[in-house]
């Protein structure tokens, strides 16, 4: 067998033994926020109090390649520590997290030593309680296997209205199915349907005067499901208020 053939055979053999199983991807994970997860509240997705938003402490900040400028906000990932690659794993353990924050690059550190969220690394900076379900605290960083999974939520989508008189910022939380939203339209009692634009994270922007109007929404998930949420926000709404719908996605 020639040297080129040997090289190709070695590459194929390595792929056989080291490629993740179908549906799984390689990444790494660290933790933040303290043992009670209190330091994870808020974040780049705009959910605020993660308990009220329906997410608790099974959450993570995603590196740039996963966060996708906020389009991944609300998505769910099944994560397990790669026990074949590290002795600091809790073997057989797994946890499902929700993407609620952004882990920014640290250009002052190399990506293999401190710059864990530098592109193109797929990295999860997890809430500490979630991370400790799969890893041993002393490790600090662990190799993981992950895949995006369906989000299962209790109750309906939670809609929070922010902004000012001529600028509404609508946040959607507790989103089931794919967990993330592709498009949103809003209709007031005095308007037709108005398409919203993603502002950042899970916040969608509308530059119309909707104060004093009852609001309905058409929401399409990244999974392709569309739901109509009619008259969910009463005409007496004020900025900062949150309203729970009776509808949610399942794929």
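Just so you know, glycine gets a Cβ as well, placed from its N, Cα and C.
Unlike curated records, TrEMBL annotations are generated automatically.
Pulled from TrEMBL, these are the features on record:
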type: SIGNAL; residues: 1-23; note: signal peptide
type: DOMAIN; residues: 42-156; note: domain 'Expansin-like EG45'
type: DOMAIN; residues: 166-245; note: domain 'Expansin-like CBD'
Number of helical, extended and coil residues in the domain 'Expansin-like EG45' (42-156), per DSSP: 14 helix, 35 strand, 66 coil
PLDDT averaged over every residue in the domain 'Expansin-like CBD' (166-245): 97
DSSP helix/strand/coil residue counts for the domain 'Expansin-like CBD' (166-245): 0 helix, 45 strand, 35 coil
